[in-house]
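Record features (TrEMBL):
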| type | residues | note |
| --- | --- | --- |
| BINDING | G52, S53, G54, K55, G56, T57, R165, G210 | ATP binding site |
| REGION | 72-102 | region 'NMPbind' |
| BINDING | R78, Q100, I101, V102, G127, F128, P129, R130, Q134, R171, R182 | ribonucleoside 5'-phosphate binding site |
| REGION | 164-174 | region 'LID' |
Amino acid sequence: MEAQGQKVLADTGFHPDESVEFHGLRFPKLKAEDSPFNLENTTIYFVLGGPGSGKGTQCQRLKEKYGFVHLSAGDLLREEQDRPDSAYGELIRFCIKEGQIVPQEVTITLLREAMKRSRSNKFLIDGFPRSMPQATEFEKVVCSPRFVLYFKCDEDTMEKRLMERGKTSGRADDNAETIKKRFRVYVLTTFPVINHYIQSDKVLTIDSDGTVDEVFDRVDSLMTKTLTLHPDQMPNFD
């Protein structure tokens, strides 16, 4: 992969000293001053939950009702993986197959470019951040989330949903072996992110057991309350 990694740097104009390495590929370091849009009035909700928790389905409904731009980190990575001239495709394919986290330099770059193209200032970022380094880096070079929507669901339910989806999705990660790897990675790396934002009073927990309509009623109620708050206010749902 080394030659391909050098191509990444050549294409972006970065010197090796301004890069980081992963599996033989070098990626440009992200910088806050490189941010391509004004963040002062930008509202971001991170959307987290285990694989199969239904967060993507709920994001689509929130998008339709509230006018958010829905950015799925997983979808962006799969699109980049399938792009014929992608310098990251091989690495993304490997990480998805193994249930591993793609290097944050790749994921955050794809998210920032998608945010720039959208010309919006309201975002639901689905399936990100998946680790504390991702969360820290995103806050450093983009901005902090307003809130975190956490779709809580038991593992048995999530596994059943994923196996059912796998019958028609065609996704490489919708199989029993990869699903177990994804659950392990989620528990080890994403739970600490959720706990971090709980300490900051930013986590809105949604019970995602039940029908799509039942879950949407729960998250819709929370969204209605949070969107009326001043940026300096925190919600009180007691």
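Backbone N, Cα and C atoms are what each Cβ position is placed from, and that goes for glycine too.
Rounded to a whole number, the C-alpha distance linking K55 (ATP binding site) with G127 (ribonucleoside 5'-phosphate binding site) is 8 angstrom. Sequence-distant neighbours of G54 (ATP binding site) (same chain, 6+ apart, CB under 8 A from its CB) are F151, C153, R161, S208, V212, V215. R165 (ATP binding site) and R182 (ribonucleoside 5'-phosphate binding site) have their C-alpha atoms 15 Å apart, to the nearest angstrom. It is T57, among the binding-site residues T57, Q134, whose Cβ has the fewest other Cβ atoms within 10 Å in the structure shown. In this view, R165 (ATP binding site) is surrounded by 14 other Cβ atoms within 10 Å of its Cβ, with every protein chain counted. Around the Cβ of S53 (ATP binding site), a 10 Å sphere holds 27 further Cβ atoms from the protein chains shown.
R78 (ribonucleoside 5'-phosphate binding site) has a Cβ environment of 17 other Cβ atoms inside 10 Å. Using Cα positions, the member of the binding-site residues I101, G127, P129, Q134 nearest to G52 (ATP binding site) is identified as G127. A helical conformation is recorded for R165 (ATP binding site) in the three-state DSSP classification.
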